[in-house]
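Going by TrEMBL, these are the annotated features:
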- 3-147: domain 'Aspartate/ornithine carbamoyltransferase carbamoyl-P binding' (DOMAIN)
- SER56, THR57, ARG58, THR59, GLN83, ARG107, HIS134, PRO135, CYS136, GLN137, CYS266, LEU267, ARG294: carbamoyl phosphate binding site (BINDING)
- 153-304: domain 'Aspartate/ornithine carbamoyltransferase Asp/Orn-binding' (DOMAIN)
- ASN165, ASP225, SER229, MET230: L-ornithine binding site (BINDING)
Amino acid sequence: MNHFLDIHKTDKAALRSIIDNAMAMKQARLGRPKAMLDDEKPLDGRMVALIFEKPSTRTRVSFDVGVRQLGGQTMVLSGNDMQLGHGETIADTARVLSRYVDMIMIRTFDESVLEEMAEFATVPVINGLTDRTHPCQIMADIQTFEEHRGPIKGKKVVWCGDGNNVCASFLHAAGQFGFDLTFTGPVQLDPEMEFVGLARNQGSSIVIERDPFKAVEGADLILADTWVSMHDAQSARERRHNMLRPFQVNQKLMDAAKPDALFMHCLPAHREEEVTSEVMDGPNSVIWDEAENRLHAQKAVMRWCLGV
Ligand code: CP
Ligand code: NVA
């Protein structure tokens, strides 16, 4: 049994096998009549709890569909409706849930909730986003890049904007998959230096560049995310927008990267804020493949967690 808590906490060979398996499962479904899709049900008879303490569209639907495609069943739980949100400890919740279900996916606020869940659960726990990281998203992103451009190893990835949870998991991936990452954003919103150091120690070049146009020179992949994450105070919205406006991904910025640079965004996007519609809907954007690949990548994550 394996937990999938973070990219830097997962063995490199396991990460590679998850991506390869995700691609193979996606490929296997292509062009097959629906009647033939039911032959492999590795999660047959298994129940997966999907716990959400924050809103979600992609994570909720892709995990739910993914479990069903693998032959299992799901139970979607809102943190607020559980005793978890009303004083029962995380450890006790983990112990109890482990008696009912075969795997737990949780989206929460503080990462200590995820860690405690994993410590006390006797079934695999998957990180569906915390304030600090979002590893499932980045597995889908690596799959998407490699589908379009081949191995990501040695490529230049540029993160524009807030050094947030998604950026953190990209830094983890830089170290593990061996690509370089340039962060461009305001100094107040730099990514965690601990994660920058981790990636550098693994041999990746991690650059912090305040000029977005310099940052994207030679880029193979450009990334954006919302300027106000779910855990950020709404009162900080205007201040954050003012700081982040110069780092918007627009066509002018895309034109300063390699001509075939891809654009990705984990979504939900705020059109005309962190990215323009021209870029989102433009020829270099692979955001819909990226969203689709949440399904395939997470199916592979779940199979790895259960060893099936
Ligand atoms: N990208 C992502 O995790 O989207 P949701 O918040 O809709 O799950
Ligand atoms: N950084 C965003 C990602 C949403 C998928 C957030 O945490 O709200």
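Keep in mind that glycine also has a Cβ here, set from the backbone N, Cα and C atoms.
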Among ASN165, ASP225, SER229, MET230, these being the binding-site residues, pick the one whose CA is nearest to that of SER56 (carbamoyl phosphate binding site).
MET230
Of ASN165, SER229, MET230, ARG294, the binding-site residues listed, which put a C-beta under 6 Å from ligand 2? Please answer none if none do.
ASN165, SER229, MET230
Which site among SER56, GLN83 has the most other CB atoms no more than 10 Å from its CB, taking these as binding-site residues?
SER56
Given the binding-site residues ASN165, ASP225, SER229, MET230, which one's Cα is the least distant from that of HIS134 (carbamoyl phosphate binding site)?
ASN165
Checking the binding-site residues ARG58, ASN165, CYS266: which ones have Cβ within under 6 Å of ligand 1?
ARG58, CYS266
For the binding-site residues ASN165, SER229, the largest set of other C-beta atoms within 10 Å encircles the C-beta of ASN165
Please compare the binding-site residues MET230, CYS266 by how many other CB atoms fall within 10 Å of each one's CB, and tell me which has the fewest.
MET230
Proximal but sequence-remote residues of the same chain as ARG294 (carbamoyl phosphate binding site) (Cβ under 8 Å, at least 6 apart):
ARG58, THR59, SER62, CYS136, GLN137, ALA140
Record lists ASN165, ASP225, SER229, MET230 as binding L-ornithine; longest Cα-Cα distance in Å?
12
